[in-house]
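**Q** As annotated in Swiss-Prot:
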REGION    1-67  region 'Disordered'
COMPBIAS  12-27  compositional bias 'Polar residues'
COMPBIAS  33-43  compositional bias 'Low complexity'
REGION    53-97  region 'Interaction with PRP8'
DOMAIN    65-109  domain 'CWF21'
COILED    65-102  coiled coil
COMPBIAS  110-120  compositional bias 'Polar residues'
REGION    110-135  region 'Disordered'
COMPBIAS  126-135  compositional bias 'Basic and acidic residues'
Amino acid sequence: MSYNGIGLKSAKGSSTSGHVQRSLASNNRRRPQGSQQQRQQRQNAIKKASHDKASRPLAVQKQIETHMEKREIEVQVSELRDRLEEEETLSEEQIDKKCEALRAKLTNEWQEQQRMSSLYTPRKARLTEEQHRHE
């Protein structure tokens, strides 16, 4: 029932016939590499693709950070709305006005913080950020 040490020692109790087949997954042949020029072009394309991916995380990280900060503002507004609705002392319009006022206040504070942090960005960081924006 086994062939070259592969397979069952005995098919008894295995609910199979014990037949051993060749594995179609094993492929030891190498792909043809092509000419030197084709190999060089492939390597250059791989390097370029990996370089592009390596430069993205800065911009993506900045977008994620901005999104999370805006989300935090909305969470605070939502918590205020829930608290005011539970009290049931204000009308829906008054609750909306208070929520909009809080959202505007928090957004202005966040924008001011963004402006201040951009003023004190090191020159090298500003240059790399500008390069990523123009690409």
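For all residues, glycine too, the Cβ spot is worked out from N, Cα and C.
Give me the structural setting of these features: burial, nearby parts and distances.
**A** Within the chain, the region 'Interaction with PRP8' (53-97) has long-range Cβ neighbours (under 8 A, six or more residues past its boundaries) at 103, 106-107, 110, 128-129, 132-133, 135.
Across the range of the domain 'CWF21' (65-109), the DSSP-based residue counts are 41 helix, 0 strand, 4 coil.
Per-residue pLDDT, averaged along the coiled coil (65-102), amounts to 92 for this model.
Non-local neighbours of the region 'Disordered' (110-135) in the same chain are 55, 58-59, 62, 69-70, 73; each lies 6+ residues outside the stretch with a CB under 8 Å from one of its CB atoms.
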